[in-house]
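Colleague: Here it is, the structure in full.
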Ligand SMILES: Nc1nc2c(c(=O)[nH]1)N[C@H]1C(S)=C(S)[C@@H](COP(=O)(O)O)O[C@H]1N2
Ligand SMILES: [Mo]
């Protein structure tokens with residue numbers, strides 16, 4: 001009976017999630033229990049654990065998290081089902097408790113704007129609890145003395161009473177079991193087998209239908225946003241990027257392309273459901289300390305302004321030495337400094353009272369950048385386009401920030417909807433609350449793209465090549481060392497701008513045997529990439545990338 005109880009729990013859990021899945025699209029897709037609990041889990045995960053997850057699962061970290069949650073729920077559902085066989089009411093109450101947790105998580109999300117966000121979890125839990133109650137009833141029917149059946153209140157109490165000693169063994173040994181034959185159910189197992197099978201099978205089928213319906217509703221979510229993105233025609237830039245110089249891209253197999261295609265561009269964010277914002281309804285509010293003329297802008301307001309097109313390399317602070325979270329794109333958008341100046345904002349160096357600009361996204365992310373950096377003449381953009389197309393949803397449609405020289409977590413707010421001028425002393429944004437640095441310029445770094453670690457190239461000429469970046473300072477030199485040999489200067493590809501990475505290569509006369517290749521860059525200020533290893537937390541990894549190969 002324990003196994004069937006556990007199965008009942010599983011069915012109840014499945015029904016809860018399926019119903020929640022069906023209700024969520026009607027409320028808000030982000031309000032579903034798995035997404036809400038997952039989002040809450042992301043927010044409370046300690047920075048080192050999150051960094052570890054990003055490192056090990058990469059962009060699959062979100063999938064792994066959701067599978068993890070489903071795994072935990074499965075175990076809990078099995079346990080509640082087993083419990084329900086003995087304590088019918090307690091099993092159902094347990095389901096309700098998990099529903100309450102899901103509901104609380106959904107309402108507690110920073111992007112939750114209504115208590116209706118509790119509905120998916122709440123409705124799902126009620127359905128799941130009822131189902132478990134019914135199924136457990138089929139399983140325990142025969143344990144009840146016939147007399148207790150009529151007394152509604154005594155219902156599960158009696159099941160508990162005579163079930164406690166017998167454990168979850170079939171009720172065959174129980175005296176009252178024989179009495180059950182009277183209600184017409186199969187007496188073979190001593191429980192209402194037919195009733196159970198019918199209830200369980202119908203519940204499973206109904207749940208599958210509900211879940212599939214919810215999924216497909218969810219799949220069609222954000223149709224207005226999709227349509228609004230299709231309608232965007234990116235204006236011609238009033239200030240075009242200079243053409244990428246001939247020779248910025250080296251012809252070396254295995255090197256990262258100079259421009260990272262959108263589909264290959266790394267993605268790092270906390271959004272379990274990618275926000276789909278309808279550009280037509282989108283607004284950006286600019287306000288706060290020292291904002292003499294606060295503003296609210298529409299997407300068209302932005303498109304009517306002069307468009308600035310720039311190549312800018314973006315890097316994530318969670319990128320390990322040699323890691324993949326760096327990409328280079330051609331962005332188009334408006335100059336943030338001009339917009340701020342029109343609102344009457346002055347940088348601290350010119351007497352402005354605010355030194356921190358906090359960008360807020362539709363999903364509640366907060367990202368703080370130094371006002372001074374944003375207004376110091378660099379190409380800090382409110383970007384609307386990426387590599388010739390409107391921003392992909394994953395990369396912040398309709399509008400995001402991009403600031404050359406700063407890690408993404410202190411500059412590159414996606415799905416932005418609010419800019420508040422404040423001070424570093426008075427407000428800590430999302431990542432800073434979790435132990436990351438308040439200010440984080442990108443560190444000078446370089447990476448060997450080819451040969452790959454543990455490659456087995458043939459002896460002879462082997463091309464060592466990769467990329468180096470020191471956004472807004474520029475790369476001046478890249479050197480490579482084989483084993484403990486001298487640093488050899490690599491050939492640098494042509495520089496696009498000092499805000500972009502630079503490819504480099506070095507032909508190597510490879511002799512048979514094992515070798516360690518190490519790279520280091522020097523930026524245009526003359527600073528050599530440090531060999532001092534640092535973790536990603538709090539302000540970015542440092543150290544030198546090495547690759548071990550065996551030459552055959
Ligand atoms: N709304 C929002 N914006 C965000 C983030 C986020 O979690 N939410 N992550 C930031 C981080 S840590 C980085 S590195 C960049 C990554 O941008 P990408 O995903 O377009 O590469 O986005 C930044 N902007
Ligand atoms: Mo990041």
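Including glycine, each Cβ sits where the backbone N, Cα and C put it.
Because TrEMBL annotations are produced automatically, they should be read as predictions rather than curated entries.
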Colleague: Tell me which of 29-46, 119-136 corresponds to the transmembrane segment entry in TrEMBL.
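Modeller: So the range that TrEMBL calls transmembrane segment is 119-136.
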Colleague: Scan 90-107, 144-161 against TrEMBL and say which stretch is down as transmembrane segment.
Modeller: 90-107
Colleague: Count the residues of the compositional bias 'Polar residues' (217-226) that DSSP assigns to helix (H, G, I), to strand (E, B) and to coil, and report the three numbers in that order.
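Modeller: Result for the compositional bias 'Polar residues' (217-226), in helix, strand, coil order: 7 helix, 0 strand, 3 coil.
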Colleague: What does the DSSP secondary structure composition of the region 'Disordered' (215-245) look like, as residue counts for helix, strand and coil?
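Modeller: Residue counts in helix, strand and coil order: 14 helix, 1 strand, 16 coil.
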Colleague: Across the domain 'Oxidoreductase molybdopterin-binding' (273-427), what does the mean pLDDT come to, as a whole number?
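Modeller: Residues in the domain 'Oxidoreductase molybdopterin-binding' (273-427) carry a mean pLDDT of 98 in this prediction.
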